[in-house]
Amino acid sequence: MDLRQFLMCLSLCTAFALSKPTEKKDRVHHEPQLSDKVHNDAQSFDYDHDAFLGAEEAKTFDQLTPEESKERLGMIVDKIDADKDGFVTEGELKSWIKHAQKKYIYDNVENQWQEFDLNQDGLISWDEYRNVTYGTYLDDPDPDDGFNYKQMMVRDERRFKMADKDGDLIATKEEFTAFLHPEEYDYMKDIVVQEPMEDIDKNADGFIDLEEYIGDMYSHDGNADEPEWVKTEREQFVEFRDKNRDGKMDKEETKDWILPSDYDHAEAEARHLVYESDQNKDGKLTKEEIVDKYDLFVGSQATDFGEALVRHDEF
């Protein structure tokens, strides 16, 4: 099995992941922070730049002159204004921020696209994905290397079908993104819960009991005492995870654990940007209002045009 296939299988299937005896396995999907910078506008707008552009793109703007920053910001505003009414709403800003934060996901899909789109038709069929990913293992789906490729392929096919909204077994780029990164799509939430639930539910009764819950996180090492975090997780299961106190977690309880309702950082940042930039206080932003506050949105550190780092692949 080549390295690419090995990494692909590992990224799509968690059933075979192993933990060190005292290493906690985290199944929970949290909304990522918009930036690792401190959000303090009195000191700098670095947090806002990372949130609005994504951390990597924000570094690019740091190399531009103010004039270039304003010009490129104006181009971005045209993209944010989804309904082309000349205004940017809080909702449109929130959508843009979420898009900017997920740019690494889209880049990941782009990097893999040509590898799977064998006939170069701009789509990826299930057959194309299966042949590239499993290839020679189709004839021997149960080799002696510890991987059950038949089981992995069945799981991948189920996920592919769920991502494939129109049911034609051919994925558009957006559907393929949902297949590779289901945690980012609301309509894929069930599979995000179902897959780890199947991994943890060792007795296949459709529930996760306390021992299965702990066993997924912690492998006991001989006579060693359980670390403190394991005791805490036992208490968490009894007090919070098992809401109906029947000694096990059903699908909804598992969903609440794996996909918690986190604070919406993108919504908060969109609200903040509108508040700081909305000069006439009408609850929406014009391009002029945004560009006037370019230092808040994108910033600029370069003062010499010759220092500018010019990129042509803007988003």
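Each Cβ is built from the backbone N, Cα and C atoms, and glycine gets one as well.
Pulled from Swiss-Prot:
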- Asp164, Asp166, Asp168, Glu175: Ca(2+) 3 binding site (BINDING)
- Asp201, Asn203, Asp205, Glu212: Ca(2+) 4 binding site (BINDING)
- Asp278, Asn280, Asp282, Lys284, Glu289: Ca(2+) 6 binding site (BINDING)
- 68-103: domain 'EF-hand 1' (DOMAIN)
- 104-139: domain 'EF-hand 2' (DOMAIN)
- 151-186: domain 'EF-hand 3' (DOMAIN)
- 188-223: domain 'EF-hand 4' (DOMAIN)
- 229-264: domain 'EF-hand 5' (DOMAIN)
- 265-300: domain 'EF-hand 6' (DOMAIN)
- Asn131: N-linked glycosylation site (CARBOHYD)
- Thr65: phosphothreonine (MOD_RES)
- Thr254: phosphothreonine (MOD_RES)
- 312-315: motif 'Prevents secretion from ER' (MOTIF)
- 1-19: signal peptide (SIGNAL)
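Listed in chain order, the residues near the Ca(2+) 4 site other than Asp201, Asn203, Asp205, Glu212 are Ile200, Lys202, Ala204, Gly206, Phe207, Ile208, Asp209, Lys248, each with its Cβ within 8 Å of the site Cβ centroid. Break the domain 'EF-hand 3' (151-186) down by DSSP state and the numbers are 25 helix, 2 strand, 9 coil. For Lys284 (Ca(2+) 6 binding site) paired with Thr65 (phosphothreonine), the C-alpha to C-alpha distance reads 27 Å. Sitting within 8 Å of the Cβ centre of Asp278, Asn280, Asp282, Lys284, Glu289, and not among those site residues for Ca(2+) 6, are the Cβ atoms of Phe87, Val274, Ser277, Gln279, Lys281, Gly283, Leu285, Thr286. Using DSSP to sort the residues of the domain 'EF-hand 2' (104-139) gives these counts of helix, strand and coil: 26 helix, 2 strand, 8 coil. The Cα of Asp278 (Ca(2+) 6 binding site) lies closest to that of Thr65, out of the recorded positions Thr65, Asp168, Glu175, Asn203. When the binding-site residues Asp168, Asp278, Glu289 are compared by the number of other CB atoms within 10 angstroms of each CB, Asp168 has the fewest. Those same-chain residues not listed among Asp164, Asp166, Asp168, Glu175 yet with C-beta within 8 angstroms of the centroid of the Ca(2+) 3 site C-beta atoms are Ala163, Lys165, Gly167, Leu169, Ile170, Ala171, Thr172. In space, Glu289 is the closest of the binding-site residues Asp164, Glu175, Asn203, Asp282, Glu289 to Thr65 (phosphothreonine), judged by Cα positions. The most densely surrounded of the recorded positions Thr65, Asn131, Asn203, Thr254 is Thr254 (count of other Cβ atoms within 10 A of its Cβ).
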